[in-house]
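Engineer: Pasting a structure below so you can have a look.
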């Protein structure tokens, strides 16, 4: 991209303005010949436009940087060990010389035009070090000439008697003034994807780097930690699952190795060891949506509870909760979070397989609950497998429900790659239950977890034809070739 030529017209030479259109046409034709240095441009323009000597002597031509404010030094490309000093660069930015008496008012009036960059002041000392003036630094993307100001901004400058002349300030940019994506774009090979995105889990930044980024992983980790206050540990998910509980194996890229995180979600505080349990900050809205369906006095069976993102807030809203998780670490932190939020008396916790929980504690408690008036909710948040666990409800109870009994409401999660994910998860839920849910369920889109892969939640009232059976032999589902194991929370997907 070519540099921009910036003209300064002194107020003492009003004749310059009459030549502005001619200058514009000349510059357009000269631009075809290539980039011009400021001095060469000055001579070429005056000659080509046949400008009077008085105009040429008053005309100032200054180069302004191209569209990107920061152009990294070539030597940082391919850097794998962070050298912060290598990013230092000095650039020229436009500025206004403003009387100190109206400085605050001018800055307020030009808030959209001033430079916005981490650690860079908008107001600096005047070149002449006068105590009566300061320089207000402007964003070169926003201001390239006096005509760049809006009518309101120009009127404000006139009312505050600010000289209609742009100054230039040599601004020293360092690593600390750069954004994370600017640093990474400068370092990684050209043409490759640059990522500065991550999931924030307390003090931990959780990344999912691609293969071409792995040679730079430690540098990326350091940059993310430097540019995000409060982040003291950066980890990268490896694609390996290190246990039967299917929690992610992680590699520390930068910072401390303290994996015990403290997070706050929807007003509730949670603590857990992120290296041994599953936590997804992108599900906070979904947690809140379901918990808001739960009323005071309701009962919630949380089959795959994790560390409690459904169970704890439901208990805080006045529900009675039975929460289960197979992972001993998740179960331990679930109990810890119940105590942390003072709901341990409202939550009973279990460390069982999901199927055993349904056919054990849930089955034992359900008959008495069905005689009451409160709603019973069953939450099954294990998208990779939860739909397969629905067959555990077949023939769960033998006594037929009376007409006034309120059957449980099930919220079951699943992943879908189908063109019609709503129909897909409803059909799979129907197959697992052995009963059609068509027109008897609702399906909610939760989030897109990968290209062509959605997380969905199917909600339905458990059909009496499924849960009740007069034949004792039908109260147990047919045996499977191998026992199904579940992860202690949501599935091992993109964080």
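Positions of Cβ are set from backbone N, Cα and C atoms, glycine also.
Per TrEMBL, the features are:
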BINDING   287, 325, 326, 353, 354, 381  S-adenosyl-L-methionine binding site
DOMAIN    198-464  domain 'SAM-dependent methyltransferase TRM5/TYW2-type'
REGION    468-495  region 'Disordered'
Engineer: Considering each pair of residues in 287, 325, 326, 353, 354, 381, all listed as binding S-adenosyl-L-methionine, report the largest CA to CA distance in Å, no decimals.
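Structural biologist: Max Cα-Cα spread across the S-adenosyl-L-methionine binders: 22 Å.
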Engineer: Note down the number of other Cβ atoms within 10 Å of the Cβ of residue 381 (S-adenosyl-L-methionine binding site), including every protein chain shown.
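Structural biologist: Within a 10 Å radius of the Cβ of residue 381 (S-adenosyl-L-methionine binding site) lie 26 other Cβ atoms.
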Engineer: Only counting partners 6 or more residues apart, tell me which same-chain residues put their Cβ under 8 Å from the Cβ of residue 287 (S-adenosyl-L-methionine binding site).
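Structural biologist: Sequence-distant Cβ neighbours: 265, 266, 309, 310, 313.
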Engineer: What number of additional C-beta atoms lies within 10 angstroms of the C-beta atom of residue 325 (S-adenosyl-L-methionine binding site)?
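Structural biologist: So the Cβ neighbour count for residue 325 (S-adenosyl-L-methionine binding site) comes to 34.
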Engineer: How many other Cβ atoms sit within 10 Å of the Cβ of residue 354 (S-adenosyl-L-methionine binding site)?
Structural biologist: 24
